[in-house]
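These come from TrEMBL:
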- 1-34: region 'Disordered' (REGION)
- 43-64: transmembrane segment (TRANSMEM)
- 117-253: domain 'Peptidase S54 rhomboid' (DOMAIN)
- 126-147: transmembrane segment (TRANSMEM)
- 159-177: transmembrane segment (TRANSMEM)
- 183-204: transmembrane segment (TRANSMEM)
- 211-230: transmembrane segment (TRANSMEM)
- 236-254: transmembrane segment (TRANSMEM)
- 284-306: transmembrane segment (TRANSMEM)
Amino acid sequence: MAMMRTEPSSSSAPQFEIKAQSRGRDNAVHPASSTTSMPFKRWAPWLVPAFVVANIALFVATMYVNNCPKNSTSCVATRFLGRFSFQTIKENPLLGPSSSTLEKMGALEVEKVVHGHQAWRLITCIWLHAGVLHVLANMLSLVFIGIRLEQEFGFVRIGLLYVISGFGGSLLSALFIQSQISVGASGALFGLLGGMLSELITNWTIYANKLAALLTLLFIILINLAVGILPHVDNFAHIGGFLSGFLLGFVFLIRPQFGWVSQRNVPPGYIATPVKSKHKMYQYVLWVLSLTLFIAGSTAGLIMLFRGVNLNHYCSWCHYLSCVPTTKWSCDAGPVYCQSTQIGNQLNLTCLSSGKNNTYIIDNTSQVRQLCAQLCS
């Protein structure tokens, strides 16, 4: 899964199951010969599938608005797809729309968020995708991760976890990456992974095979974060989404003690070990601490964003969290310059650093800067 600046990359998480066990001292049900199963409610998932449909529908709408045959001189699969055809592979190798269309549809662009009073882009960008490959990879990840969580915790908690984590990912991205647009659901997906980790920690006592579950989950998280060091992948959205989901998981995904639930579901004729408190003390402590940290962090982040703060000025090495330069690729996101000629609404651009050339059909000159950055990327 990947939150994209220009070119997404994805790693779908494998599906795995964590089984619960009863612990004799806390939640035994007598007589001892009886067997028990976890009495937690199972939900029928519908919100996660609805999120998948919404993301795909918005991608189709984005391609409709893009209308490559009308707005570009060269497109991919025009004969079969008509106005839904893709931009050229050189322009968008993920089979998708142009950057200007994504910007029009609500992509995260810091300048418009801060100076254009368009804070809604912090939310809308998580529903947009840069191409067919991007949306398919993220939706597969959402199905693998989200449906299991919705079955366990219900649509309200998982829906809130998904959307708020996506917002947290957008916020951290906007504080570090301010020269490029960003789209993708990966911040929200990393929030679900973060929530799974905190859920395992806060509900530690009800799980069997704890260490195996923890190592498996950490491996999945690290692999997905490692993808973020590639160029054009917005790893700050991944990190922000993960941290938001990790904190919110202690709030939304807390479970009562097994014994507390068991004594309220004990069959007639059986005696359950009495448990007075619904949750353990450490669960309450984690709940309060996590909610406080999330509110404080989000508030501070929003204040810094709308004051125009660029956190790269205060952290000289943080840019390596999103891209590590190698001999195979560059992470340079410095200013780009193009030579342009325009006849009517037809604009010809040449990137001065690479020599690449392309012709565009534009509605107004405000698109030139974005098209130049896109051509030189």
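Glycine is treated like the rest: Cβ placed from N, Cα and C.
A TrEMBL annotation is a machine prediction, not a hand-curated record.
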Of 43-64, 183-204, 211-230, whichever stretch has the most CB pairs under 8 A to the transmembrane segment (126-147): 43-64
DSSP helix/strand/coil residue counts for the domain 'Peptidase S54 rhomboid' (117-253): 107 helix, 4 strand, 26 coil
Beyond the flanks of the transmembrane segment (43-64) by at least 6 residues, Cβ under 8 Å: 83-84, 86, 96-97, 101-102, 105, 127-129, 132, 135, 138-139, 142-143, 146-147, 149-155, 158-159, 162, 185
